[in-house]
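*Asks:* Features from Swiss-Prot:
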{"type": "TRANSMEM", "residues": "5-27", "note": "transmembrane segment"}
{"type": "TRANSMEM", "residues": "42-64", "note": "transmembrane segment"}
{"type": "TRANSMEM", "residues": "77-99", "note": "transmembrane segment"}
{"type": "TRANSMEM", "residues": "150-167", "note": "transmembrane segment"}
{"type": "TRANSMEM", "residues": "188-210", "note": "transmembrane segment"}
{"type": "TRANSMEM", "residues": "225-247", "note": "transmembrane segment"}
{"type": "TRANSMEM", "residues": "314-336", "note": "transmembrane segment"}
{"type": "TRANSMEM", "residues": "351-373", "note": "transmembrane segment"}
Amino acid sequence: MKKPFYKILYVQVLAAIVIGVLLGHFEPKLAVNMKPLGDGFIQLIKMVIGPIIFCTVVSGIAGMRDMKKVGRVGGKALLYFEVVSTFALVIGLVAGHIFNPGSGFNVDVNSIDAKAVAQYAAKAQSSSTVDFLLNIIPSTVVDAFAKGDILQILLIALLFGGALSAMGERAQMVTDFIDQIAHVFFRIVHVITRVAPIGAFGAMAFTIGKYGVVSLVPLLKLIGTFYLTAIIFVVVVLGIIARLTGFSIFRFVAYIKEELLIVLGTSSSESALPHLMEKMEKLGCSKSVVGLVVPTGYSFNLDGTNIYMTMAVIFISQALNIELTLTQQLTILAVAMLTSKGASGITGAGFITLAATLAVVPTIPVAGMVLILGIDRFMSECRALTNITGNGVACVVISAWERELDRTKLARVMSGDRGETVSATPAA
């Protein structure tokens, strides 16, 4: 029997977002007090992300029985991430030149108050590639889970799963136990997701109530350019990749619409991570590929963030009437490819990576970030939506490359069949 429309999760989340926007606009003081609802939901999701990643990755690797395969999947994933991320950076740069969102501002650099972005600049200077690599190694196993650091948990899971794989049948009992624990945590996620509309309402009401729709007006061109560019990236770049892999990007987006709406409401792509992993398995991707690709993509495959970074640099240079040479722009691209990974997992990562990138081009003052500080919150939704879509597509692509994509199940799900399907033999 079909559910009444008002009981469907994405309908509830969409309605909650609309109500949140209305409350924020008409009753801003009351709306600001709704912030704990959004924060609470995100905290509930973050509470289970670590255990889910650990159990899923360990179970997947232990089931491979071949560490060469683990390295092969990881290598293909990183190669894919780097190529697609570079496309995103270039598209952001080109779009900035085509639409010129910063032209006409004519801001005097001496009139900018840099105090508001000083903390981001300081963090950018203290963050290096070496620091990033060292921070992947946790001081203790417990510390990694206590902080909820995805990369640290992923490292522990890789080592633990590799050890179980090497032990073979002797470790089967442990592998089965961890697999059952994963099912328990996914069930917890289902329970938490029931309150997603409340979280989306609280987060959206706070955003509109605190910043107001009026604050967007002076920078609407930049916001519009960024959203349009992100849509073009998803439809064209990810669309072509999806078509070459054998599925439609539009049907894929429709398939993960609930996760996208949760991300839209909370501005946090992490809030949908557990559900995305489960959805990818139901789509026909193998558990081992899902466990490796999706968590890794949350640090190394940030397409929306990459578009934002290069476009923001161009916007600031145009607003300050600073001409960038071709060499400087190529340098920005090269540095952004590194900084976008080096600050993953850090609070305010988008601004920190932007500060680190600007620091390489002395002609653009880091203080110029003040110009977009006020609207960054409104652009974060688009970054998160693009990031999660890109990671979902990457998971399907890597599964296809590994010949571990169940195309029968993929075709059924993409055609609208959401019921249980009998797994067919995986095909390329």
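Backbone N, Cα and C atoms are what each Cβ position is placed from, and that goes for glycine too.
Set these features in their place in the structure for me.
*Replies:* When Cβ-Cβ distances below 8 Å are used as the criterion, the transmembrane segment (77-99) is approached by residues 221, 225, 228-229, 232-233, 237, 241, 292-293, 296-297, 300-304, 306-311, 313-315, 318, 329, 332-333, 336-337, 340, 390, 394, 397-398 of the same chain, each at least six residues removed from its ends.
Within its own chain, the transmembrane segment (150-167) has Cβ neighbours under 8 Å at 49-50, 53-54, 57-62, 64-67, 70, 135-138, 141, 143-144, 174-175, 291, 295-296, 298-299, 344-345, counting only residues six or more beyond its boundaries.
Through the fold, the transmembrane segment (188-210) approaches residues 9, 12-13, 15-17, 19-21, 23-25, 27-32, 34-42, 44-45, 48, 52, 261-262, 264-267, 271, 274-275, 278, 377-378 of its own chain, all at least 6 residues removed from its boundaries and within a Cβ separation under 8 Å.
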*Asks:* Which listed range (5-27, 42-64, 225-247, 351-373) shows the maximal number of Cβ pairs under 8 Å with respect to the transmembrane segment (314-336)?
*Replies:* 351-373
*Asks:* List, by number or range, the same-chain residues at least 6 past the transmembrane segment (5-27) whose CB is under 8 A from its CB atoms?
*Replies:* 34, 193, 196-198, 200-210, 212-213, 257-258, 261-262, 264-265
